[in-house]
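Encoded as structure tokens, the structure appears first; notes follow it.
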């Protein structure tokens, strides 16, 4: 499983961060698990009023992330699922989403947690969705990474915190 070697992140003083979660709608069962994991992580971090927005698919995540980054959010979490099919569509969507979300983060300075599953099968996606029987919870992990990065950025600009 890919979770080997994952860091234990300690995040403090983040309850006042403005966080948005953007979730694609394809593969409903997987997405429900990712969203639940993300919202649970936010609650554990003391962020009880995040913005949750839905988009049709993963390819639409970057444009919404870009708009939100310009609206004062401290961190954005992008959740989606792309499952390989029999055409190159999978490769194009995965590359576009990954590059788009990276560009948003680098261009705006707003961390974007990458919770987009790129899997060969639905079973692989379910195993990472944070639902009962899953081995990983990528929604939770994406929130933790985004909020930890936002806290790091805040410590650089506000070292007295």
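Note: Cβ is positioned from N, Cα and C throughout, glycine not excepted.
Just so it is clear, the model here is predicted, and its values are computed rather than measured.
Annotated features in Swiss-Prot:
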- 26, 58, 59, 60, 81, 82, 83, 114: 5-amino-6-(D-ribitylamino)uracil binding site (BINDING)
- 86, 87, 128: (2S)-2-hydroxy-3-oxobutyl phosphate binding site (BINDING)
- 89: active site, proton donor (ACT_SITE)
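Figure note: comparing Cβ neighbours within 10 Å for the binding-site residues 26, 59, 114, the maximum is reached by 114. Considering only the binding-site residues 81, 83, the Cβ with the fewest other Cβ atoms within 10 Å is that of 83.
Here the candidates are the recorded positions 86, 87, 89, 128. The one whose C-alpha lies nearest to that of residue 114 (5-amino-6-(D-ribitylamino)uracil binding site) is 128. Of all the recorded positions listed (89, 128), 128 sits in the most crowded Cβ setting, with the most other Cβ atoms within 10 Å.
Cα distances from residue 58 (5-amino-6-(D-ribitylamino)uracil binding site) to the recorded positions 86, 87, 89, 128 are smallest for 89.
Taking the binding-site residues 58, 87 in turn and counting surrounding C-beta atoms within 10 angstroms, the largest count is reached at 58. A straight line from the CA of residue 59 (5-amino-6-(D-ribitylamino)uracil binding site) to the CA of residue 128 ((2S)-2-hydroxy-3-oxobutyl phosphate binding site) spans 20 Å. Summarising the environment of residue 60 (5-amino-6-(D-ribitylamino)uracil binding site), the number of other Cβ atoms within 10 Å of its Cβ, over all protein chains shown, is 18. Counting in whole angstrom, residue 60 (5-amino-6-(D-ribitylamino)uracil binding site) lies 15 from the residue listed as 'active site, proton donor' by their C-alpha atoms.
Rounded to a whole value, the Cα-Cα separation of residue 89 (active site, proton donor) and residue 26 (5-amino-6-(D-ribitylamino)uracil binding site) is 15 Å.
With every protein chain in view, the residue among the binding-site residues 82, 86 whose Cβ has the most Cβ partners within 10 Å turns out to be 82.
Comparing residue 83 (5-amino-6-(D-ribitylamino)uracil binding site) with residue 128 ((2S)-2-hydroxy-3-oxobutyl phosphate binding site), their Cα atoms are 13 Å apart once rounded. Between the C-alpha atoms of residue 87 ((2S)-2-hydroxy-3-oxobutyl phosphate binding site) and residue 81 (5-amino-6-(D-ribitylamino)uracil binding site), the distance comes to 16 Å.
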